[in-house]
Amino acid sequence: METLALLWDGILAATDPGIFACTILGAVVGLLIGALPGLGPTAGVAIMLPVAAGFGGVAAIACLGGVYYGSMFGGAITSILLGIPGDAPSVMTVLDGYPMAQKGEAGRALGTSVFASFVGGLLGIAGLVALSVPVSGYALAFGPTEMTAMMCFALSLLSVLGGRNVFKGFVALALGFWLGMVGLDPISALPRYTAGSMNLFDGLDFSIVAVGLFGLAAIFMSLEVNVDKPVAKYTFASLLPRISDAVRTRWQLLQGSVLGFFVGVLPGVGASAATMLSYALAKRISATPEKYGTGIVEGVAAPEAANNSASYGAMIPLFTLGIPGSATTAVMMGGLIMIGLQPGPMLFTENPEFVWSVFGSFALGNLALVFLTLLLTPLLAAALFIPTAYLYPIVIAIVVYGVFAIDNSAFNVMLTIVAGGAGIILARLDYPAVPLILGLVLGPLLERNIRRTLIQSQGDLLVFIERPIALGLFIATLLVLLIPLFLKLMGRKMIAADEAEV
Amino acid sequence: MTYGLCNLIGRGRVAGLGLLAAAALAVTPAAAADYPERDITMIIPFGAGGGSDTLARTIAGVIEEMKLIPVKILPENRTGGSGAIGYSAVAKEKGNPHYLATVSVSFFTTPLLGGSPVSYKDFTPLAAIAQSPYIMVVPSSSEYQKLDDLKKTPRFTTGTTGVVSDAALLAKMTSNALGIQIDSVPFDGEGEVMAALLGGHVNVGFLNPSEAMTQMTAGKLRPLAITSAERSPAFPDIPTFKELGYGDIVHTQLRGLVMPADVPQEVVTYWEGVLEKVATSEQWKKQYIDRFYDVPDYVDAEGFKDVLERTNARYETMMKDLGLIQ
């Protein structure tokens, strides 16, 4: 109750015209940066940092926060309309969003992503204000050993995303693991698979690869069909979001938000992994898993709810402990220091008004983004009325600009094009691209945490089962892998139907 | 029309270069008197919002605010290759006194690992304006009250960002001095290191002053010793390793600036003057020292050069010990 009163005061404080204007500015900039393929929340917050720092106090952090969650709204736009992930956490949105747009349901898909972003944001904020302290303790309990177990559990859930051919799915996953090793070895610092090029030292940026693999590949392949017609046929009604979709996807929204929040809290894991888990979980417990990937609203709702709530989860270690758990929150921490605040455990006790006003601005910004994006939805979806002969060259130009802008690097642009070429080859040979992306994101996390654990334990493998959280997660992993096998032996369906399906 | 415009700009540039060349020829011995003749590019080899970026932009901001030079400083982020791309861009401008960069750990380590075509030898040290010590800490819940208590336990782990870092170096130095074993577990960022320390997944930490301050104020971490030669004004109660009897453990990160190799001595003297004013200014104290709890300290070009060489030698020895390089 007291928390609610504090939040209410915070919301009132955040309605101050100056602060509100900065919140909206941040949210709109975030929306645009999120929508620009390649550029994501980290780049967005970094770009706005010098500007926002000038606002000072609550307004500065309200603005940076706006960029962060705004980009989570914006990332879905190009994922759905063009099949090009706007940023790393919206890669999974492509899987069902893009097929929906091709079927002429772009408005519904965009609408669902807005509802999902809003619900994810709302529950994320609720978690942020109500559960920060206990949840930050939970985040700290995850050391390298627990993270290793967590990644194994994640991979067991994600095995459902392998596509029709299990063998080809694993080949793509292995390819992703391998690509994740490119760069300086995270533990011993020696270069691996860099061919001597220092451009590859920092590894392959996941969003750059995803933009090429999904986006450019789709554009290149479409050149074989008619290029003088729009992507799909539309009626005016198809451009409008449907409120009923929000009701229909309520379970995916809830489950995605909760999962996203708890995964987002973990230092170093991030929103992208949260969206993958959320999508996989939704598919796994669905009674009709085969429909995922063909263009259904549930497949848009699950990842979009997760990435928004993950962005609030990621702020918990920052605000309660002074620990930036992700690249984006590290830049936000820079913002806190620049306005003269010391992020950390004392922030809540020494500057409660500041913290609650910032949280209040999150609530307002989240609400404002819903109206903003819902108004924009028909307009954005109408972009698909443009014949692809005109649309695609513009899109390619924007993609090149967005990828270049990440590091002002022409090498990254080449990398996107190469990834696009690789995407075509994979599609031609019928290898799924999703496991490759999963490997690229989760492979490095798994490798690093296994090696960290073994340094700590001096090579003793028993630590993995000596620690209770890790043991629990390993048991859960085994159950996820064995239950379908068991059910199959019992002559039942591969995947259990769950009451969660609507 | 576009062509015409390009042509015009092109001609203008050629004419300008011609004039410049003529001027340079005419007054070569006194060239430094006119220095700097154009804006200075400050290359930041790391991303916006990070530690290096904040340092570089704050220095540029203070110089601008105090109007210490007649031209502008233009900060530019050139990221990639663990710093190699940005530092190479500066080194390439051999003899050009209009390029600046700050030093960082990667300034030494990436070249040593064979990851960069340029090393510290390809730069002219100008001066350092602050130093950042490291503070050795343990969680408050731990049984170790002072440094020597660590001798009771044979083995510890610490978190570092990357295998070759100041924290890893200090872990090695402390291990040798105390006769214990502190193994470094490399993480992906300072935030992850802090989470591992607070979560009890590693036992000791070697932290930046600002990181340590936050958690010490909150009562989560206990300081054992600081790596500066003398006690830091920001932490008067933390003993130095030196006064605890471990005189070998003195290691700080110097916040300093470098230019490409072969810039004229006059330019170095010019920047020594500018940076000395920065180091002693109220603006620098307020905008950087007080925020990051660094130790204000001015080191001239000669002294800074020695520190660069010593730091490089330390990293080199450590990498050889680890078997990373021959």
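Cβ from N, Cα, C; glycine included.
Per TrEMBL, the feature domain 'DUF112' maps to A:22-438.
Sequence annotations record features per position, and here TrEMBL assigns transmembrane segment to A:18-39 (among others).
Annotated transmembrane segment per TrEMBL: A:76-98 (among others), in sequence order. Counting residues 6+ beyond its ends, the transmembrane segment (A:76-98) has Cβ neighbours under 8 Å at 33-41, 106, 109-110, 113, 117, 206-207, 210-211, 214-216, 218-219, 270-272, 274-276, 278-279, 292-300, 302-304, 307, 310, 380-381, 383-384, 395, 399, 434, 437, 441 in the same chain.
Look at TrEMBL and you will find A:110-131 (among others) tagged as transmembrane segment.
Under the heading transmembrane segment, TrEMBL lists A:137-158 (among others).
The transmembrane segment annotation in TrEMBL covers A:165-184 (among others). Sequence-distant contacts of the transmembrane segment (A:165-184), counting only residues of its own chain at least 6 positions beyond either end whose CB sits under 8 Å from a CB of the stretch, comprise 159, 190-194, 200-204, 209, 426, 429-441, 443-444, 447.
Feature annotation from TrEMBL assigns transmembrane segment to A:204-223 (among others).
The transmembrane segment feature in TrEMBL is assigned to A:258-282 (among others). Panel annotation: around the transmembrane segment (A:258-282), residues 41, 72, 88-93, 95, 120, 123-124, 127, 135-136, 138-139, 142, 147, 150, 154, 157-158, 160-161, 206, 252, 292, 298-299, 301-314, 316-317, 323, 325-326, 438, 441-442, 445 of the same chain, lying at least six beyond its termini, place a Cβ under 8 Å from a Cβ of the stretch.
Marked as transmembrane segment by TrEMBL: A:318-341 (among others).
Same-chain residues lying 6+ beyond the ends of the transmembrane segment (A:353-376) with a Cβ under 8 Å from its Cβ atoms: 6-7, 9-15, 19-20, 23-24, 26-28, 31, 57-58, 61-62, 65-66, 69-70, 73, 110-111, 114, 117-118, 121-122, 125, 128-129, 241, 312, 319, 341, 347. TrEMBL lists A:353-376 (among others) with the feature transmembrane segment.
Taken from TrEMBL, the feature transmembrane segment applies to A:382-404 (among others).
Look at TrEMBL and you will find A:411-429 (among others) tagged as transmembrane segment.
Here TrEMBL flags A:469-487 (among others) as transmembrane segment.
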Please identify the stretch among A:18-39, A:110-131, A:137-158, A:204-223 with the greatest number of Cβ pairs below 8 Å relative to the transmembrane segment (A:469-487).
A:137-158
Could you give the mean pLDDT over the domain 'DUF112' (A:22-438), rounded to a whole number?
88
Which one of these stretches, A:110-131, A:137-158, A:204-223, A:318-341, A:411-429, has the most C-beta pairs shorter than 8 Å to the transmembrane segment (A:18-39)?
A:204-223
Given the transmembrane segment (A:204-223), its same-chain partners at Cβ distance under 8 Å and 6+ residues beyond its ends are 37-38, 40, 78, 82-85, 87-88, 91, 94, 98, 179-180, 182-183, 231, 272, 388, 392, 395-396, 399, 402-403, 406, 412, 415-424, 426-427, 433, 436-437, 440-441
Checking distant contacts: for the transmembrane segment (A:110-131), what same-chain residues at least six beyond its ends satisfy Cβ-Cβ under 8 A?
3, 6-7, 69, 72-73, 76-77, 80-81, 93, 97, 240-242, 245-246, 249, 252-254, 256-258, 260-261, 264, 297, 300-302, 304-313, 315-316, 319, 359, 362-363, 366-367, 369-370, 373-374, 377, 380-381
